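Visitor: Here it is: the structure, laid out below.
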Amino acid sequence: MAPSMESQQQDQQIPLEGAINGNASVNNIIPVALSDDEVPQKSRVTVVGSGNWGSVAAKLIASNTINFNSFHDEVRMWVFEETLPSGEKLSEVINRTNENVKYLPGIKLGQNVVADPDLEHAVKDANMLVFVTPHQFMEGICKRLVGKIRKDAQAISLIKGMEVKREGPCMISTLISEILGINCCVLCGANIANEIAVEKFSEATVGYRENKEIAEKWVRLFNTPYFMVSSVQDVEGVELCGTLKNVVALAAGFVDGLDMGNNTKAAIMRIGLREMKAFSKLLFPSVKDNTFFESCGVADLITTCLGGRNRKCADAFARNGGKRSFDELEAEMLQGQKLQGVSTAKEVYEVLSHRGLLQLFPLFSTVHEICSGRLAPSAIVEYTEHSARLPLLEGSAHLN
Ligand SMILES: NC(=O)C1=CN([C@@H]2O[C@H](COP(=O)(O)OP(=O)(O)OC[C@H]3O[C@@H](n4cnc5c(N)ncnc54)[C@H](O)[C@@H]3O)[C@@H](O)[C@H]2O)C=CC1
Ligand SMILES: O=C(CO)COP(=O)(O)O
């Protein structure tokens, strides 16, 4: 598919950084006509993951790669292969119909999205890797990719979750960076995938470590008129917001399942936000307060507590009096999609228990105890009342 004239013109304005005899300022933009072999290398994008959000991410990206000359049009999307009830392979059906009929039915992904069930093949030419699978699969995926990716590859993680290892908690972006030896930004936000799939307006936050230029490239790859992306220099803050709000969403779902009403749910969200902030600063004192006011913070918390899958399954769990397990409800209600909150609640609990801090995080602790069957769903309110009376948790200094 040919890029638009407008984008070709934009991309041929090459910044002369530290140019020729050093006279040109970094900000000088001088339009020049380039011959084919002078055109800077185009970036190639691969999306590792093809669930509900993975498919929408591929669609968003594909709508931009055909418009910007600095990206190859084609977007590869790695598919964890499965056989559909029709007997066909999911990747083949995606390539034939241009739809992910299992995880995002009814939505065309863009003709430049190519589904690829071979992980190594999918990543081998890409220098921009977008990771978007449920967090529990990432360590295995990264290990399979060691030595198989380009040396100049950059990564971004759209994953909401973390791992807890013997040495302590490990964010997924760190896992990617450490196993693959590459820089990894993150993107999180109030992003219920099905709403973005039909192009309803939303915002998202890219978290980056040092290099703002790399963050800007990711922003350019994702930003569309209906998906407004900004960036903050706070990888851990953005990622922990996205990860921890799933635990609060379970608590909100319990409240819904017990028909406790909006005020109780708002109390859960407020207390949950307070625990999110304290827990984040406990792990990473560098986390910035302002990050909680970005899309990845309070906005994602609200949308997930209103309309997310964690909320939905927790509602059903409470209505069944905790008698049906989350595994059972997930399989029945989500048809292959995965919850992240239940395992995150366990991971958070392990961190707090190891540090002797369970009592200071009653909402987080109680959510895990309900999910694991040690407490009844109604415990969420008793313990939350207790939490409301606790002094304000302020950062790691308060907790040490
Ligand atoms: N769906 C949403 O609205 C949003 C999801 N996210 C996050 O994005 C991440 C990915 O979620 P979704 O794309 O929604 O996935 P999903 O939950 O819709 O689908 C599950 C995916 O896992 C794959 N899978 C199953 N077994 C696997 C295995 N053994 N190894 C590798 N992959 C396997 C399936 O093929 C499928 O692609 C999660 O961390 C989630 O929290 C973030 C924002 C919005
Ligand atoms: O992260 C999400 C919205 O931003 C989706 O949350 P759920 O996984 O609970 O659906």
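Note: Cβ is positioned from N, Cα and C throughout, glycine not excepted.
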Visitor: If TrEMBL gives R309, N310 as binding substrate, which of K160, K165, K200, K212 does it give for that site as well?
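Guide: It is K160, as the record lists it for that site.
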Visitor: Which of these, F80, F222, F284, does TrEMBL say binds NAD(+) at the same site as G49, S50, G51, N52, W53, G54, F137, A193, R309, K338, Q340?
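Guide: Among the candidates, TrEMBL records only F80 at this NAD(+) site.
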Visitor: Within 10 Å of K338 (NAD(+) binding site), Cα to Cα, which of the recorded positions K160, K245, R309, N310 are there?
Guide: R309, N310
Visitor: What is the average pLDDT across the domain 'Glycerol-3-phosphate dehydrogenase NAD-dependent C-terminal' (234-382)?
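Guide: Summarising the domain 'Glycerol-3-phosphate dehydrogenase NAD-dependent C-terminal' (234-382) by its mean pLDDT gives 97.
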Visitor: Around the substrate site formed by K160, R309, N310, list the extra residues of the same chain whose Cβ is within 8 Å of the site's Cβ centroid.
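Guide: Checked against the 8 Å cutoff, the neighbours are N246, A249, T304, G308, R311, L339, Q340, G341.
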Visitor: Look up A193 (NAD(+) binding site) in the DSSP assignment and reduce it to helix, strand or coil.
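Guide: DSSP call for A193 (NAD(+) binding site): helix.
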